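Encoded as C-alpha coordinates, the structure appears first; notes follow it.
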Amino acid sequence: MTTAVTAAVSFPSTKTTSLSARSSSVISPDKISYKKVPLYYRNVSATGKMGPIRAQIASDVEAPPPAPAKVEKHSKKMEEGITVNKFKPKTPYVGRCLLNTKITGDDAPGETWHMVFSHEGEIPYREGQSVGVIPDGEDKNGKPHKLRLYSIASSALGDFGDAKSVSLCVKRLIYTNDAGETIKGVCSNFLCDLKPGAEVKLTGPVGKEMLMPKDPNATIIMLGTGTGIAPFRSFLWKMFFEKHDDYKFNGLAWLFLGVPTSSSLLYKEEFEKMKEKAPDNFRLDFAVSREQTNEKGEKMYIQTRMAQYAVELWEMLKKDNTYFYMCGLKGMEKGIDDIMVSLAAAEGIDWIEYKRQLKKAEQWNVEVY
(Lines of atoms letter the chains of each structure in order from A; the text may use other names.)
(Lines give C-alpha, C1' and ligand atoms only; values in the text may rest on other atoms or scores of the structure.)
Protein backbone atom coordinates (compact mmCIF):
# COMPACT_ATOMS: atom_id res chain seq x y z
CA MET A 1 0.00 0.00 0.00
CA THR A 2 1.23 3.44 -0.77
CA THR A 3 0.07 6.60 0.83
CA ALA A 4 0.89 10.23 0.56
CA VAL A 5 1.89 12.16 3.63
CA THR A 6 -0.19 15.24 4.12
CA ALA A 7 1.92 18.07 2.76
CA ALA A 8 0.72 21.39 1.58
CA VAL A 9 1.61 22.17 -2.03
CA SER A 10 2.71 25.74 -1.63
CA PHE A 11 3.59 27.85 -4.63
CA PRO A 12 5.06 31.32 -4.37
CA SER A 13 3.65 34.28 -6.29
CA THR A 14 29.26 1.75 -40.59
CA LYS A 15 32.21 -5.30 -46.98
CA THR A 16 35.16 -5.70 -48.35
CA THR A 17 36.84 -8.92 -49.57
CA SER A 18 40.52 -9.61 -50.29
CA LEU A 19 42.63 -12.49 -51.53
CA SER A 20 43.90 -13.16 -48.07
CA ALA A 21 40.36 -13.22 -46.75
CA ARG A 22 39.33 -15.74 -49.38
CA SER A 23 42.44 -17.87 -48.74
CA SER A 24 41.63 -18.01 -45.06
CA SER A 25 38.30 -19.63 -45.85
CA VAL A 26 39.86 -22.80 -47.43
CA ILE A 27 38.71 -25.90 -45.55
CA SER A 28 41.38 -28.18 -44.14
CA PRO A 29 41.28 -31.74 -45.66
CA ASP A 30 41.25 -33.35 -42.26
CA LYS A 31 37.91 -31.70 -41.59
CA ILE A 32 36.20 -33.07 -44.73
CA SER A 33 34.37 -36.39 -45.16
CA TYR A 34 33.47 -37.73 -48.59
CA LYS A 35 30.60 -39.65 -50.12
CA LYS A 36 29.35 -40.34 -53.64
CA VAL A 37 26.57 -38.17 -54.98
CA PRO A 38 25.35 -37.73 -58.60
CA LEU A 39 26.50 -34.63 -60.43
CA TYR A 40 24.79 -33.81 -63.74
CA TYR A 41 26.29 -32.35 -66.95
CA ARG A 42 25.09 -31.89 -70.54
CA ASN A 43 26.02 -35.02 -72.61
CA VAL A 44 28.03 -34.18 -75.75
CA SER A 45 26.39 -37.06 -77.68
CA ALA A 46 24.07 -36.41 -80.57
CA THR A 47 21.06 -37.06 -78.36
CA GLY A 48 21.72 -33.94 -76.36
CA LYS A 49 20.39 -35.69 -73.25
CA MET A 50 21.67 -35.06 -69.78
CA GLY A 51 23.82 -37.88 -68.40
CA PRO A 52 25.02 -38.55 -64.87
CA ILE A 53 28.59 -38.57 -63.61
CA ARG A 54 29.77 -39.27 -60.12
CA ALA A 55 32.26 -37.19 -58.25
CA GLN A 56 33.79 -36.98 -54.81
CA ILE A 57 32.66 -33.71 -53.16
CA ALA A 58 32.62 -32.37 -49.66
CA SER A 59 29.32 -32.96 -47.91
CA ASP A 60 30.06 -32.58 -44.22
CA VAL A 61 31.90 -29.56 -42.81
CA GLU A 62 32.58 -28.97 -39.14
CA ALA A 63 29.99 -26.55 -37.78
CA PRO A 64 31.14 -23.19 -36.44
CA PRO A 65 31.05 -22.70 -32.67
CA PRO A 66 27.74 -21.40 -31.30
CA ALA A 67 27.33 -17.70 -30.63
CA PRO A 68 27.80 -16.69 -27.00
CA ALA A 69 24.58 -16.53 -25.03
CA LYS A 70 23.18 -13.06 -24.50
CA VAL A 71 23.38 -11.79 -20.97
CA GLU A 72 20.15 -10.30 -19.75
CA LYS A 73 20.58 -6.77 -18.53
CA HIS A 74 19.31 -5.99 -15.10
CA SER A 75 18.78 -2.28 -14.64
CA LYS A 76 19.73 -0.53 -11.43
CA LYS A 77 16.77 1.75 -11.95
CA MET A 78 13.08 1.32 -11.23
CA GLU A 79 12.24 -0.21 -14.64
CA GLU A 80 10.17 -3.25 -13.64
CA GLY A 81 6.69 -3.05 -15.09
CA ILE A 82 7.27 0.38 -16.55
CA THR A 83 4.76 1.66 -19.09
CA VAL A 84 5.97 3.47 -22.22
CA ASN A 85 3.95 5.09 -25.03
CA LYS A 86 0.55 3.96 -23.87
CA PHE A 87 -0.96 7.03 -25.47
CA LYS A 88 0.30 8.18 -28.90
CA PRO A 89 -0.22 11.36 -30.94
CA LYS A 90 -3.09 9.90 -32.95
CA THR A 91 -4.80 8.56 -29.85
CA PRO A 92 -3.94 10.88 -26.97
CA TYR A 93 -5.48 10.86 -23.55
CA VAL A 94 -7.71 13.84 -22.96
CA GLY A 95 -7.31 15.12 -19.45
CA ARG A 96 -8.43 18.24 -17.70
CA CYS A 97 -6.55 21.05 -16.07
CA LEU A 98 -7.06 20.93 -12.31
CA LEU A 99 -4.64 23.64 -11.26
CA ASN A 100 -2.41 26.21 -12.97
CA THR A 101 -0.32 28.54 -10.83
CA LYS A 102 2.54 30.92 -11.57
CA ILE A 103 5.42 30.03 -9.26
CA THR A 104 7.91 32.78 -10.08
CA GLY A 105 7.82 36.26 -8.68
CA ASP A 106 6.51 39.24 -10.61
CA ASP A 107 10.04 40.63 -10.99
CA ALA A 108 11.50 37.32 -12.23
CA PRO A 109 12.93 37.28 -15.79
CA GLY A 110 10.17 35.17 -17.27
CA GLU A 111 7.18 33.25 -16.00
CA THR A 112 7.17 29.65 -14.84
CA TRP A 113 3.92 27.85 -14.07
CA HIS A 114 3.07 24.72 -12.12
CA MET A 115 0.09 22.87 -13.56
CA VAL A 116 -1.79 19.72 -12.63
CA PHE A 117 -3.81 17.58 -15.08
CA SER A 118 -6.21 14.76 -14.35
CA HIS A 119 -5.57 11.34 -15.93
CA GLU A 120 -7.82 9.21 -13.71
CA GLY A 121 -5.12 6.55 -13.33
CA GLU A 122 -4.85 5.99 -17.10
CA ILE A 123 -1.26 7.29 -17.45
CA PRO A 124 0.81 5.10 -15.07
CA TYR A 125 4.03 7.07 -15.20
CA ARG A 126 7.13 6.78 -13.02
CA GLU A 127 9.27 9.42 -11.43
CA GLY A 128 11.74 10.67 -14.07
CA GLN A 129 9.50 10.04 -17.09
CA SER A 130 7.96 12.59 -19.45
CA VAL A 131 4.61 13.16 -21.10
CA GLY A 132 3.77 14.78 -24.41
CA VAL A 133 1.35 17.64 -24.81
CA ILE A 134 -0.46 18.39 -28.08
CA PRO A 135 -1.52 22.04 -28.04
CA ASP A 136 -4.85 23.02 -29.51
CA GLY A 137 -5.02 24.60 -32.96
CA GLU A 138 -3.08 24.22 -36.21
CA ASP A 139 0.35 25.25 -37.50
CA LYS A 140 0.98 27.64 -40.41
CA ASN A 141 0.40 24.76 -42.87
CA GLY A 142 -3.01 24.01 -41.46
CA LYS A 143 -1.91 20.82 -39.74
CA PRO A 144 -2.39 19.96 -36.06
CA HIS A 145 0.45 21.08 -33.86
CA LYS A 146 3.08 18.47 -33.03
CA LEU A 147 3.52 17.31 -29.48
CA ARG A 148 6.07 18.75 -27.10
CA LEU A 149 7.63 16.66 -24.35
CA TYR A 150 7.77 17.83 -20.77
CA SER A 151 9.46 16.23 -17.78
CA ILE A 152 6.96 15.23 -15.15
CA ALA A 153 7.19 17.26 -11.97
CA SER A 154 5.12 15.03 -9.69
CA SER A 155 5.67 11.65 -8.09
CA ALA A 156 3.73 8.66 -9.45
CA LEU A 157 1.09 9.39 -6.84
CA GLY A 158 0.65 12.92 -8.08
CA ASP A 159 0.31 16.07 -6.02
CA PHE A 160 -2.93 14.85 -4.48
CA GLY A 161 -1.68 11.38 -3.57
CA ASP A 162 -4.31 9.41 -5.49
CA ALA A 163 -2.25 8.47 -8.61
CA LYS A 164 -4.84 10.19 -10.80
CA SER A 165 -3.01 13.36 -11.79
CA VAL A 166 0.25 14.51 -13.39
CA SER A 167 2.06 17.79 -12.85
CA LEU A 168 4.29 19.84 -15.14
CA CYS A 169 6.62 22.77 -14.61
CA VAL A 170 6.54 25.02 -17.69
CA LYS A 171 8.27 28.29 -18.55
CA ARG A 172 6.38 30.60 -20.84
CA LEU A 173 8.52 31.16 -23.96
CA ILE A 174 8.44 34.66 -25.39
CA TYR A 175 11.34 36.18 -27.33
CA THR A 176 12.18 38.75 -29.99
CA ASN A 177 13.65 37.45 -33.27
CA ASP A 178 16.24 39.16 -35.49
CA ALA A 179 13.47 41.00 -37.32
CA GLY A 180 12.28 42.52 -34.09
CA GLU A 181 9.14 40.42 -33.98
CA THR A 182 7.81 39.03 -30.73
CA ILE A 183 7.59 35.24 -30.94
CA LYS A 184 5.58 33.14 -28.55
CA GLY A 185 6.24 29.44 -28.00
CA VAL A 186 3.18 27.55 -29.14
CA CYS A 187 2.93 24.89 -26.48
CA SER A 188 4.32 26.76 -23.51
CA ASN A 189 1.90 29.63 -23.97
CA PHE A 190 -0.98 27.22 -24.56
CA LEU A 191 -0.19 25.52 -21.27
CA CYS A 192 0.49 28.61 -19.22
CA ASP A 193 -2.82 30.10 -20.37
CA LEU A 194 -4.92 27.06 -19.47
CA LYS A 195 -7.75 27.56 -17.04
CA PRO A 196 -8.97 24.91 -14.59
CA GLY A 197 -11.48 22.67 -16.34
CA ALA A 198 -9.91 23.08 -19.78
CA GLU A 199 -9.11 19.93 -21.76
CA VAL A 200 -5.52 18.97 -22.68
CA LYS A 201 -4.31 16.16 -24.98
CA LEU A 202 -1.57 14.05 -23.37
CA THR A 203 0.71 11.30 -24.79
CA GLY A 204 3.16 8.88 -23.22
CA PRO A 205 4.50 8.31 -20.72
CA VAL A 206 8.01 8.07 -22.21
CA GLY A 207 11.62 7.77 -21.11
CA LYS A 208 13.89 5.60 -18.97
CA GLU A 209 17.04 7.73 -18.79
CA MET A 210 16.02 9.68 -15.73
CA LEU A 211 14.37 6.94 -13.67
CA MET A 212 15.27 6.73 -10.00
CA PRO A 213 17.71 4.06 -8.77
CA LYS A 214 16.24 1.08 -6.95
CA ASP A 215 18.71 1.29 -4.08
CA PRO A 216 17.05 3.13 -1.19
CA ASN A 217 20.48 3.75 0.32
CA ALA A 218 21.92 5.40 -2.78
CA THR A 219 23.54 8.80 -2.98
CA ILE A 220 21.64 10.79 -5.58
CA ILE A 221 23.20 14.02 -6.86
CA MET A 222 20.81 16.20 -8.85
CA LEU A 223 21.71 19.28 -10.90
CA GLY A 224 18.85 21.27 -12.34
CA THR A 225 18.50 24.66 -13.97
CA GLY A 226 15.14 26.36 -14.22
CA THR A 227 12.37 23.98 -15.24
CA GLY A 228 15.00 21.20 -15.25
CA ILE A 229 13.98 20.91 -11.63
CA ALA A 230 10.87 18.94 -12.67
CA PRO A 231 12.15 15.33 -12.46
CA PHE A 232 13.92 16.08 -9.21
CA ARG A 233 10.78 17.37 -7.58
CA SER A 234 9.19 14.03 -8.51
CA PHE A 235 12.13 12.15 -6.93
CA LEU A 236 12.07 14.20 -3.77
CA TRP A 237 8.34 13.95 -3.20
CA LYS A 238 8.62 10.15 -3.31
CA MET A 239 11.58 10.26 -0.93
CA PHE A 240 10.36 12.71 1.64
CA PHE A 241 6.64 13.46 1.33
CA GLU A 242 5.26 9.94 0.85
CA LYS A 243 5.15 6.61 2.68
CA HIS A 244 5.59 3.39 0.66
CA ASP A 245 5.53 -0.23 1.85
CA ASP A 246 8.24 -1.17 -0.67
CA TYR A 247 10.44 1.92 -0.57
CA LYS A 248 11.94 4.04 2.18
CA PHE A 249 14.78 6.35 1.26
CA ASN A 250 17.71 6.13 3.68
CA GLY A 251 20.46 7.48 1.43
CA LEU A 252 21.55 11.00 0.59
CA ALA A 253 19.79 13.25 -1.89
CA TRP A 254 21.76 16.37 -2.83
CA LEU A 255 20.04 18.96 -4.98
CA PHE A 256 21.72 21.85 -6.80
CA LEU A 257 19.27 24.29 -8.35
CA GLY A 258 20.43 27.11 -10.63
CA VAL A 259 18.31 30.15 -11.46
CA PRO A 260 18.96 33.78 -12.46
CA THR A 261 17.28 35.51 -9.52
CA SER A 262 15.92 34.60 -6.12
CA SER A 263 12.41 35.33 -7.37
CA SER A 264 13.01 32.53 -9.93
CA LEU A 265 13.65 29.85 -7.30
CA LEU A 266 11.17 27.07 -7.93
CA TYR A 267 9.51 25.07 -5.16
CA LYS A 268 11.83 26.66 -2.61
CA GLU A 269 9.42 26.29 0.30
CA GLU A 270 8.81 22.61 -0.48
CA PHE A 271 12.52 21.83 -0.57
CA GLU A 272 13.14 23.66 2.66
CA LYS A 273 10.40 21.60 4.34
CA MET A 274 12.09 18.43 3.09
CA LYS A 275 15.38 19.59 4.57
CA GLU A 276 13.72 20.21 7.91
CA LYS A 277 12.03 16.81 7.75
CA ALA A 278 15.18 14.83 6.83
CA PRO A 279 18.30 16.91 7.56
CA ASP A 280 20.57 13.84 7.42
CA ASN A 281 19.22 12.68 4.07
CA PHE A 282 18.76 15.88 2.08
CA ARG A 283 21.21 18.62 1.13
CA LEU A 284 20.14 21.69 -0.78
CA ASP A 285 22.22 24.29 -2.61
CA PHE A 286 21.01 27.18 -4.74
CA ALA A 287 23.01 29.03 -7.40
CA VAL A 288 21.53 32.45 -8.17
CA SER A 289 23.61 33.80 -11.04
CA ARG A 290 22.52 37.44 -11.03
CA GLU A 291 22.70 37.90 -7.29
CA GLN A 292 25.51 35.67 -6.02
CA THR A 293 29.25 35.41 -6.71
CA ASN A 294 32.00 33.07 -5.57
CA GLU A 295 35.19 34.04 -3.74
CA LYS A 296 36.72 35.14 -7.08
CA GLY A 297 33.82 37.42 -7.84
CA GLU A 298 32.50 35.13 -10.57
CA LYS A 299 28.77 34.77 -11.15
CA MET A 300 27.26 31.87 -9.27
CA TYR A 301 26.13 29.47 -11.97
CA ILE A 302 25.28 25.92 -11.01
CA GLN A 303 28.72 24.64 -12.06
CA THR A 304 30.29 27.42 -9.99
CA ARG A 305 28.38 26.30 -6.91
CA MET A 306 29.24 22.67 -7.60
CA ALA A 307 32.93 23.58 -7.86
CA GLN A 308 32.85 24.61 -4.21
CA TYR A 309 32.16 20.97 -3.31
CA ALA A 310 34.20 19.44 -6.15
CA VAL A 311 36.45 17.18 -4.06
CA GLU A 312 33.57 15.88 -1.95
CA LEU A 313 31.43 15.24 -5.01
CA TRP A 314 34.30 13.48 -6.79
CA GLU A 315 34.79 11.12 -3.85
CA MET A 316 31.08 10.35 -3.88
CA LEU A 317 31.08 9.76 -7.63
CA LYS A 318 33.74 7.04 -7.29
CA LYS A 319 31.35 4.90 -5.26
CA ASP A 320 29.13 2.25 -6.87
CA ASN A 321 25.98 3.52 -5.21
CA THR A 322 26.23 7.14 -6.33
CA TYR A 323 23.95 8.32 -9.13
CA PHE A 324 24.35 11.64 -10.91
CA TYR A 325 21.45 13.34 -12.69
CA MET A 326 21.53 16.53 -14.75
CA CYS A 327 18.49 18.22 -16.25
CA GLY A 328 18.04 21.65 -17.80
CA LEU A 329 20.12 23.95 -19.95
CA LYS A 330 22.82 22.23 -22.04
CA GLY A 331 25.32 24.96 -21.22
CA MET A 332 25.97 23.63 -17.73
CA GLU A 333 27.22 20.26 -19.04
CA LYS A 334 30.58 21.62 -20.24
CA GLY A 335 31.11 23.42 -16.96
CA ILE A 336 30.60 20.20 -15.03
CA ASP A 337 32.94 18.30 -17.37
CA ASP A 338 35.64 20.94 -16.91
CA ILE A 339 35.54 20.42 -13.16
CA MET A 340 35.63 16.64 -13.42
CA VAL A 341 38.47 16.57 -15.97
CA SER A 342 40.90 18.19 -13.53
CA LEU A 343 39.76 16.12 -10.54
CA ALA A 344 40.09 12.87 -12.50
CA ALA A 345 43.43 13.86 -14.02
CA ALA A 346 44.87 14.40 -10.53
CA GLU A 347 44.38 10.66 -9.99
CA GLY A 348 45.56 9.65 -13.46
CA ILE A 349 42.02 9.02 -14.68
CA ASP A 350 40.69 9.94 -18.12
CA TRP A 351 37.40 11.66 -17.31
CA ILE A 352 35.78 11.07 -20.71
CA GLU A 353 36.39 7.33 -20.47
CA TYR A 354 35.36 7.28 -16.83
CA LYS A 355 32.15 9.10 -17.63
CA ARG A 356 31.45 6.54 -20.37
CA GLN A 357 31.77 3.79 -17.77
CA LEU A 358 29.47 5.66 -15.41
CA LYS A 359 26.85 6.00 -18.14
CA LYS A 360 27.08 2.27 -18.89
CA ALA A 361 26.55 1.58 -15.20
CA GLU A 362 23.53 3.93 -15.22
CA GLN A 363 25.24 6.23 -12.76
CA TRP A 364 25.53 9.27 -15.04
CA ASN A 365 22.20 10.45 -16.41
CA VAL A 366 21.74 13.57 -18.49
CA GLU A 367 18.70 15.22 -20.05
CA VAL A 368 19.55 18.68 -21.34
CA TYR A 369 18.20 21.01 -24.02
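In case you wondered, yes, glycine gets a Cβ from its N, Cα and C as well.
Ser151 is the residue from Ser75, Ser118, Ser151 that Swiss-Prot records in the NADP(+) site together with Lys171, Thr227, Val259, Pro260, Ser289, Arg290, Lys299, Met300, Tyr301, Gly328, Leu329, Glu367.
It is 8 Å from the Cα atom of Ser151 (NADP(+) binding site) to that of Cys169 (FAD binding site).
Under 8 Å, Cβ to Cβ, and six or more positions away along its own chain, Gly328 (NADP(+) binding site) finds Leu223, Gly224, Thr225, Gly226, Thr227, Gly228, Ile229, Gly258, Val368, Tyr369. For the domain 'FAD-binding FR-type' (90-212), DSSP puts the residue distribution at 7 helix, 51 strand, 65 coil. Predicted-model confidence for the domain 'FAD-binding FR-type' (90-212) is 96, expressed as mean pLDDT.
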